[in-house]
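In TrEMBL this protein carries:
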type	residues	note
ACT_SITE	ASP248	active site, proton acceptor
ACT_SITE	LYS270	active site, proton donor
BINDING	ASP22, ILE23, PRO43, GLU44	NAD(+) binding site
BINDING	PRO225, GLY301, GLY302, ASP303, ILE306, THR331, ALA332, MET383, GLY412	S-adenosyl-L-methionine binding site
DOMAIN	124-145	domain 'Siroheme synthase central'
DOMAIN	150-207	domain 'Sirohaem synthase dimerisation'
MOD_RES	SER128	phosphoserine
REGION	1-203	region 'Precorrin-2 dehydrogenase / sirohydrochlorin ferrochelatase'
Amino acid sequence: MDYFPIFIDIVQRPCLVVGGGDIAYRKINLLLKADAQITCISPEICDGVALLAKDNKITVVNRGFEISDVNAQVLIVSATDDAVLNTQVSDLAKAANIPVNVVDSPDLCSFIMPSIVDRSPIVIAISSAGKAPVLARLIRAKLESTIPNAYGKLASLAGNFRDQVKAKFNNIEDRRYFWEKAFSGIVAEKVFAGKTDEAQVDLQAQLDASTDSEIGEVYLVGGGPGDPDLLTFKALRLIQQADVILHDRLVSDEVMELVRRDAELIYVGKERDNHSVPQDGINQLLVDLAKQGRRVCRLKGGDPFIFGRGGEEIETLAENNIPFQVVPGITAASGCSTYSGIPLTHRDYSQSCRFVTGHLKDGSMNLPWNELAVEQQTIVFYMALKGAQHLSEQLIAHGMRSAMPVALVEKGTTPDHKVHTTTLAELPHLVANETIRAPTLIIVGEVVKLRKKLNWFDAEKQS
Ligand code: SAH
């Protein structure tokens, strides 16, 4: 971090602005939003500054800057076009340990002014440490358009209830739960609709009704194949809301970066043939945690309902009357194929697509090989790295051409995304001779040929 972000209280505190032109005027207006007591020193002032002085919003001193002007100030802004003067103001302020900002001269600043999204009392400050102010402004524009204006009102309403809520719940987690429910439910909706009075009544009712022993909830969330940009909005929201996250090896580090900082993380493993926590244990853990009133996120790679045992996990929840939600994710077949430039279907090459488990059990796969070894179809094998030789032999034995194109997608959509292409006959040699790391997906079909033309994703360039 080049600059440490803080918010400073300058309400009715003396702040100095050196300079009285248009730029100074803009800075004065910003400081006025925080109710600062502003003195503007400049031999000449623009109309805007003159008007503010006339309305008694600021004090203007019509003369050049003097050394003693820095005395007793809590914040100084120098907005003149005189480089020597700007340096002098900066030096004096720094010597007196007063935060100073010199417009457009980062070297002379001890603080910088961020781009601001103002939903007071919610204020979002964005800084690029002076390196890309235009980008910071673009980010600001995005936030401006996605954060409803009424968030400020919602925050004010919450402020009125803060002490009551604190008195009711002495546990910080219970307090957070109460607020999250309020901010994502009917109370927030009413504030957004301009019905602040009704929202206040509802919030009071919720506060009076809630008890400490509420049952929690489980979110079964698909975390996608790796790239965090492939998460759904809902997945992201619930990941950031959960108190406990149960995750396994398939959830990428980049996705794990997005969980709430203070959430409890429980690793439940699931390496091939080495389940850190057996499936029954995971199912029961979800029930137990929810019964403690916690919001539990079971975060899984890809989609929870595609080779993810998601069904088994929520069956146990349903039997125990634990509320749950399931959030779909981008499954590996979809993520890996698109990031490899391999369309799973194509009018010329493939009219259907099958997702198949290639998990070896007792050295073989119990699959309908006759149905798989057909033309104009794409087969996507999950969990098939160990079984690559077997599936190659079986498909060829059941009539598939040995020259059928095959792609192995290793760690698809992550910064380590790697694609190996080969043919069905050559597949076992490739797997035997190359170091291929799990998770890997195997795609079999004519569509693999299209990669030559359609490949667009270069993991090295992206990372
Ligand atoms: N529920 C998951 C699949 C779990 S089975 C989903 O919908 O994607 C685990 C298998 O998924 C792995 O053995 C591998 O074949 C595949 N897989 C998952 N993520 C992958 C990735 N990022 N790259 C390649 N294969 C992946």
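Using N, Cα and C of the backbone, Cβ positions are placed for all residues, glycine too.
What you are looking at is a predicted structure, and each value in this text was computed from that prediction instead of being measured.
Annotated features, which come from TrEMBL, shown on the structure.
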residue: ASP22; record: NAD(+) binding site; DSSP (3 states): helix
residue: PRO43; record: NAD(+) binding site; DSSP (3 states): coil
residue: SER128; record: phosphoserine; DSSP (3 states): coil
residue: ASP248; record: active site, proton acceptor; DSSP (3 states): coil
residue: GLY302; record: S-adenosyl-L-methionine binding site; DSSP (3 states): strand
residue: ALA332; record: S-adenosyl-L-methionine binding site; DSSP (3 states): helix
residue: GLY412; record: S-adenosyl-L-methionine binding site; DSSP (3 states): coil
Under 8 Å by Cβ from GLY302 (S-adenosyl-L-methionine binding site), counting only residues of that chain that are 6 or more apart: GLY222, GLY223, GLY224, PRO225, LEU250, GLY308, GLY329, ILE330, THR331, ALA332, GLY335
Fewest other Cβ within 10 angstroms of its own Cβ, chosen from the recorded positions ASP22, GLU44, ASP248: GLU44
Recorded positions close to ligand 1 - of ASP22, ILE23, GLU44, SER128, ASP248, only those whose C-beta is under 6 Å away: none
Nearest recorded site to SER128 (phosphoserine) by CA-CA distance, among recorded positions ASP22, ILE23, PRO43, GLU44, ASP248: ILE23
Taking residues ASP22, ILE23, PRO43, GLU44, which bind NAD(+) in the record, the widest Cα spacing (Å, whole number): 15
Spatial neighbour of PRO43 (NAD(+) binding site) that is closest, considering only the recorded positions ASP248, ILE306, GLY412 and their CA atoms: GLY412
Rounded inter-Cα distance in Å - ASP22 (NAD(+) binding site), ILE306 (S-adenosyl-L-methionine binding site): 60
Protein Cβ atoms within 10 Å of ILE306 (S-adenosyl-L-methionine binding site), excluding its own: 19
Spatial neighbour of ILE23 (NAD(+) binding site) that is closest, considering only the recorded positions ASP248, ILE306, GLY412 and their CA atoms: GLY412
Alpha-carbon spacing, GLY412 (S-adenosyl-L-methionine binding site) to GLU44 (NAD(+) binding site), which is rounded to whole Å: 63
Listed binding-site residues (ILE23, ALA332), ranked by Cβ neighbours within 10 Å, top entry: ALA332
Distance from the residue listed as 'active site, proton acceptor' back to GLU44 (NAD(+) binding site), taken between C-alpha atoms, in Å: 66
Inter-residue C-alpha distance, ILE306 (S-adenosyl-L-methionine binding site) and ASP248 (active site, proton acceptor) (nearest angstrom): 15
